[in-house]
Each structure stands twice: as structure tokens, then as C-alpha cells.
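J.: Can you read through this structure? Questions will come right after.
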Amino acid sequence: MNAPSDVLLGVLIERRYRIDALIARGGMSSVYLGMDLRLDRPVAVKVMDPRFSADPQFLARLEFEARSVARLKDPGLVAVYDQGADGDYAFLVMELVQGGTLRELLRERGPMPPHAVTAVAAPVLGALGAAHRAGLVHRDVKPENVLISDDGGVKVVDFGLVRAIAAAGITSNSVILGTAAYLSPEQVETASADARSDVYSTGILVFEMLTGRTPFTGDTALGLAYQRLHNDVPPPGSVIPGVPREFDEFVLTATARNPADRYRDGHHMREVLDEIADDLQLPAFTVPAPTRSAERETMVAFRDRQQHRPGAAVDPDLTDPLPARAAAQPDVRNPTRVQTLPPDTRHPEGHGPPQPPTPPPAYAQGPPPGSPMLLSHATEFEERRRKSRRNALIWVLVVVLLAATLGVAGWWLGSGRFTTVPELNGMDRVAATEAIEDAGLDVVDKPTYDNELPVDQVMAVEPAPGTRVSRFSDVDLSYSVGQPKVPDLSSGDPLAVVEKRLRDRTLTPVVARQQYSATAPKGSVVSLSPSSGTTVAVGSEVQIITSRGPEPISVPDVTGRDQDDATALLKTAKLKAGTVRKEFSPDVDGGKVIGTDPGAGTLAEPGSTVTLVVSDAIKVPDLSGKTPDEARRVLQDAGLIAQDGGTSTDGDAKAGTITTASPAFGARVDPRDPVVRIFVSDGVDVPNVTGDTVGTAKSKLEAAGLSVDSRGLTRSSVSLVVGQNPGGGTRVKQGSTVQITSFP
């Protein structure tokens with residue numbers, strides 16, 4: 001076998017689980033309708049792709065996750081019965097949920113109203129909350145992993161499967177595990193996940209139920225996943241009109257990019273959802289199963305296939321058992337037991353027409369092979385006599401029952417259906433409850449806080465004692481629960497939730513002040529005064545201290561430092577170096593930090609990103625004494641462009657070499673204007689010829705490129721030079737005239 005396919009149909013796994021029909025197939029696994037032959041019950045069998053069965057890390061992780069989920073008890077979790085590996089396949093055996101997926105329901109009916117969204121999200125969050133308390137994380141919350149049963153139950157499936165696949169090490173580093181549209185930012189960026197990652201994915205799920213689509217789009221799965229790193233999820237009300245503001249805030253909190261700003265776990269998120277449902281007075285709602293689900297089509301096709309197979313018995317739930325059935329041997333390659341699917345006739349408002357009833361079986365059941373078709377005359381006569389006696393007895397019983405029914409009905413329609421609310425003065429709750437129930441009435445407890453009455457003392461009853469009411473009516477029983485206690489508080493609870501808890505206990509919430517907190521999100525509750533557990537009088541004020549978020553940090557001054565040094569200093573200050581912005585500064589060397597954004601001394605939240613502004617200035621190198629060609633190469637290597645500036649007598653450079661530049665040597669140049677003008681020296685230092693003979697003086701001056709003007713009493717070449725102008729050492733332009741005076 002190479003891959004899970006129809007070749008598995010009829011196969012026994014571990015000599016216990018028979019594979020009957022394919023329900024759905026994905027990239028990592030296939031789900032089959034199966035039968036547990038040992039317990040004679042239908043099951044769902046998830047068979048993993050064969051590439052996983054040979055990986056010990058995957059099998060170990062799959063076993064650990066399956067055992068962990070199997071220990072959980074929550075109605076919103078699909079039960080895990082068994083797991084293992086048989087030959088080429090690793091498998092999970094799970095509870096068979098007859099119905100379909102949330103994905104199929106959304107595809108059939110589109111966006112949901114808030115009360116329907118709540119009916120789906122509440123059990124999902126309950127299941128996640130139970131898992132989170134046990135230290136488990138789902139990692140792949142999406143509509144495909146939310147199952148809706150035919151009786152309206154909502155269940156979560158595939159806990160820990162992503163983690164097991166990740167443990168196998170089969171995927172590459174460039175592959176993101178999970179479904180891109182529902183991943184949290186931390187799953188995309190670091191592949192890490194905790195309870196708050198499931199909270200984010202559930203927020204996306206709620207967004208999709210409200211709007212009919214997910215918040216982000218992308219050409220590829222990777223592009224879609226990376227959208228959430230830089231963009232916030234929009235409020236659902238901006239996509240589709242009519243979404244209550246409370247649901248917008250609910251989704252935005254759940255999908256905050258910073259995990260610390262989200263609900264702590266599924267339990268916390270469920271509490272907030274319940275508060276919203278109460279505040280909006282949302283009606284109860286039974287979630288309809290999809291009418292055209294893969295599971296339903298599989299069951300119908302499987303049932304039809306069995307009914308049309310020659311010699312096959314139909315399901316005992318559909319017809320009476322056949323006499324020949326007990327003697328028939330089960331054929332593991334052609335299973336004969338299926339589960340019936342009742343027609344879905346529910347018609348919730350705005351969700352389309354009901355499904356037509358399931359057609360009757362194609363073939364009626366006839367007498368078993370070999371059964372006698374005729375009876376002898378004697379046997380037939382005896383049978384008729386027995387039937388006559390039995391029919392007479394039945395008619396007698398019918399008459400007796402009819403008379404009794406008419407008598408009871410007459411009593412009920414007369415005085416029998418009424419009773420009187422009893423007197424309860426001085427009773428405690430237990431005694432009052434017994435008295436009300438003895439009167440044929442139902443008790444509705446109304447616990448009430450009171451400063452004086454002892455606990456359980458009856459305070460009031462509605463309807464009042466002595467009132468004549470119908471039997472089985474509700475009677476509201478108000479009794480004392482004593483003085484209220486300040487409720488327990490988890491640091492970081494939303495303010496609205498805490499205020500409602502206080503009001504539910506007759507206490508008056510007063511937001512007193514704010515304080516910084518490293519753990520509680522901004523706006524949430526840090527502490528109460530009086531503290532939790534304190535007994536107080538009815539109506540007492542309770543001061544609420546809310547969080548201002550983490551204490552802000554002053555951005556350090558990193559001007560003039562290297563980029564690496566500046567990054568390290570920001571990290572020490574609990575800030576993050578973000579993008580680097582290049583700017584020119586005439587005062588700061590290239591590669592050094594000019595400043596930050598926000599600037600030094602600005603207060604910022606811990607973990608905030610600070611932009612470094614780094615100088616990209618280029619310093620003009622010293623070109624003194626270099627030839628023009630050498631100077632051009634040096635400037636080009638530095639990222640600058642040489643431009644001929646002409647000649648200059650400035651400086652000490654030898655004629656024909658670089659003497660100066662503009663901007664000057666050592667100046668900082670903007671790389672956006674990289675031109676440097678270079679000047680070639682044409683200056684000559686006049687030799688000192690005083691004391692030399694005229695002939696020698698002329699030779700020195702002419703060798704230096706200067707002209708000679710000789711003056712004296714004689715023009716003899718052996719006369720001594722007694723003066724010169726300009727004097728020795730003077731810097732003059734090449735070709736200038738030097739006047740010498742000789743004697744005699």
C-alpha cells in the first residue's frame with residue numbers, strides 16, 4: 001500500500017476496527033467510517049499518511065497527545081478511543097460525530113447572526129479551556145476542525161495533531177504548520193504557540209462566522225500568513241453591517257497582535273462571551289448540522305450500497321431482524337451494519353428550507369430463505385383461535401384504560417390541575433423547597449444577599465402564599481445568602497467583567513486609580529480594595545485599581561555609537577531596535593548613530609520598537625602629493641566622484657600633484673552629492689641662492705622652473721649673489737621671475 005485510498009475499504013486494523021467508507025481526505029490524513037467489532041459501535045478512524053508511520057518521533061508524540069486528549073472530559077471535545085500503528089499506517093480511533101463540519105455549514109448558509117455565532121463559539125471555547133487547563137494547545141483551530149452533530153452539538157477535533165506532525169521533522173523550515181488563514185502572529189514568526197495562540201485562531205473563526213470570510217488575503221499561503229505580522233484584524237462590523245459593538249471588541253481583543261493583550265485562554269474568552277450574550281440577551285439557539293456534509297453523503301452512499309448488494313441484510317434499526325441473520329457470518333470485506341441518519345427538518349430563521357425526508361429503503365424485506373410459506377389446516381385453525389382470545393383480552397384492556405384516562409382527564413380539567421402556594425413563614429430554604437414541591441410546584445431559587453437575616457432564611461416567595469396556581473408552575477423562592485464577599489480576581493481580568501461580578505453581589509464598583517503593571521494588560525484590573533474574599537455589607541463600594549500597562553522606559557541616548565553598540569544598549573533598556581534609517585550628517589562619521597525615533601529621553605512602552613537613524617556620510621580622504629590619476633582611484637573606492645578643479649599654488653605639494661580639494665580633505669560628504677573637486681599644484685618653492693655665484697644661482701632657479709633677472713655692477717658669472725627677490729623658501733607660481741643682485 002502506498003497511500004490511504006479505497007484499497008483500505010473492508011480492511012481490519014489491529015483485528016478490531018473495520019474500515020467501511022471514506023469520509024474525507026486531506027494532505028496529512030484520511031478519515032474513514034469504521035466499525036469497532038469488539039464493542040459493536042461505529043467509529044471515525046483517522047489514518048495518517050504512510051510517511052509518518054515510520055517516524056518514531058511522530059508516533060511517540062501522537063501517542064502522548066492522544067492519551068492527553070483522552071483524559072479530558074468536556075462535551076465539546078471529540079472523544080479519542082484508541083491510537084496506534086498497524087503496518088504502513090498510524091491511526092486514531094475517535095467518536096463518530098454524525099453531522100458535518102462548520103466549514104460545510106458556512107459554505108451552505110453563509111454568515112451567522114450573533115446568537116448563532118455564540119452557540120458555536122461557546123462550546124468550542126469550553127473545549128479549548130478544558131484543554132488549556134490541562135496544558136494542551138490545539139494549534140490548528142479552524143472551521144474544518146469544528147464538528148456539528150445532527151442534534152446540534154458542537155465539538156472540537158484534531159487536538160495535538162499539528163504538534164505531532166511538527167515532531168516528525170518531515171516538513172522544511174520554510175513550511176508553516178497549521179492553516180495559514182487562522183495562524184497567530186507568533187506561530188508565523190517563531191513557530192511557538194500557547195493558549196493565547198488558540199485564542200487568536202478562535203477570534204479569526206468568530207470573525208469568519210460573522211462575516212462569511214477571513215480577514216486577510218494573499219496570493220500564497222505564506223503571503224497570507226505574513227499579513228498578520230503587520231496588520232490588525234479589522235472589526236467584523238466594518239465588513240458586514242449589523243454586528244454589535246461588543247462582538248467587534250470581542251474579536252479585536254482575541255486577535256491582538258501582542259499575545260499579552262489577548263484573553264488568557266479559552267476559559268477566559270468563554271467567560272467574556274457569556275457576559276456579552278447576557279448583556280445582549282441573545283436567544284438560545286440549536287446549531288443546525290449541514291445538510292450536504294461529506295459525512296452525511298458517505299453514510300447515505302454506504303447505506304444504499306449495502307441495501308442494493310445481493311443477499312445483504314439492512315440495518316436492524318431500519319427493519320426487524322431477519323431470522324437468517326443470526327446464522328449469517330460477518331463479511332469483513334462487505335460490512336452490513338450502518339448508522340441511520342434522520343432527516344434534518346430544522347428550519348432556523350434565515351438559514352434556508354428544511355432538507356426533504358430520507359427516501360425509504362430501495363428493497364422491502366421478504367421472508368428469509370427456507371422459511372415455510374403455508375401452514376396446515378389444523379395448525380391454521382389453532383392459530384386463529386389463539387388470535388381470537390388475544391384480541392378479546394386486548395379490547396378489555398383498551399376499555400379499562402380508556403375509562404381510567406377519562407376519569408383522570410375529568411379530575412385534571414376540573415380542580416385537579418390547580419394547587420395553592422403554601423405558607424413559608426419562618427422556614428429555611430430546605431424546608432420551603434420541600435413544602436413547595438409537596439404542593440406540586442417547581443422551585444426557582446433566588447439567592448439574595450442580606451445584612452441581617454441568617455443564611456438560607458426565606459425572604460420572599462412569588463407568587464405570594466395562598467395564591468391559586470396551576471400545578472407544575474414555577475415559584476420564585478428568595479432566601480438569604482448572608483453578606484456578600486468581594487469576588488476572587490485574576491490579575492488582568494477585563495474591567496467590564498469585574499464590574500459585573502461586583503454588581504451581581506450588590507456591590508458598587510468604583511474605578512479609583514491606575515497603576516503600572518508588568519503583567520496586567522492596559523485597562524484591565526490589577527487589584528480590589530477591600531481585597532478578594534473580604535465580607536462586606538450589601539451595597540458597599542469596592543475600589544478598583546486598573547492597569548496603565550507596563551511602566552514606560554526612557555529611550556537611551558545612543559548618538560555617535562556604532563549600530564551594534566546602539567542595538568545592545570536598546571536591548572538592555574528592554575527596547576527593540578527596529579528598522580535603520582540612513583541620513584546625512586556633516587558632524588557624524590558614516591556608520592555612526594545620529595539619533596533615534598522616538599528621540600532620546602522619550603518615554604516608550606517596554607518592548608517597543610525604536611528606529612535607529614545612522615549617518616551615511618563619506619569622509620574625503622587626504623590626497624596630498626598624489627597624482628591626479630591616483631587621486632581619482634582613491635575617491636572612486638570611497639564612493640566619491642573626482643572633478644578637475646584646475647591648479648593651485650596653495651599647499652606644500654610638489655608641482656603636478658594634488659595640493660587641495662573641495663570639500664577639503666577630512667570633510668564629510670553627502671552620498672547623494674558625491675562630487676569632489678581636486679586641485680593640482682603649480683607652485684614652486686624659490687631656492688635660496690644668496691652667496692652662490694651668479695652662474696650657480698641661475699642654474700638652481702632655472703632648474704626649479706623659474707626665470708632669472710640678474711642685476712649687478714658686472715655681469716660676470718663668477719660674481720657673488722648678495723640678494724634675491726622673492727627670497728629663498730617663498731612659494732611662487734611655476735615660471736615666475738626671481739631677481740638676483742650680484743657683486744662686484
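Quick reminder: no glycine exception, Cβ is built from N, Cα and C everywhere.
Below are the features listed in TrEMBL for this protein:
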COMPBIAS  351-371  compositional bias 'Pro residues'
DOMAIN    17-285  domain 'Protein kinase'
DOMAIN    482-548  domain 'PASTA'
DOMAIN    549-616  domain 'PASTA'
DOMAIN    680-744  domain 'PASTA'
REGION    304-382  region 'Disordered'
TRANSMEM  392-413  transmembrane segment
J.: Take the domain 'PASTA' (549-616) and count its residues per DSSP category (helix H/G/I, strand E/B, coil), listing them in that order.
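T.: Looking at the domain 'PASTA' (549-616) with DSSP, the answer is 10 helix, 26 strand, 32 coil.
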J.: With helix taken as DSSP H, G or I, strand as E or B and everything else coil, how many residues of the domain 'PASTA' (680-744) land in each class?
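T.: Output for the domain 'PASTA' (680-744) reads 10 helix, 28 strand, 27 coil.
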J.: Do you know the mean pLDDT across the domain 'PASTA' (549-616)?
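T.: It averages 92.
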J.: By DSSP, how many residues in the domain 'PASTA' (482-548) are helix, how many strand, and how many coil?
T.: 10 helix, 23 strand, 34 coil
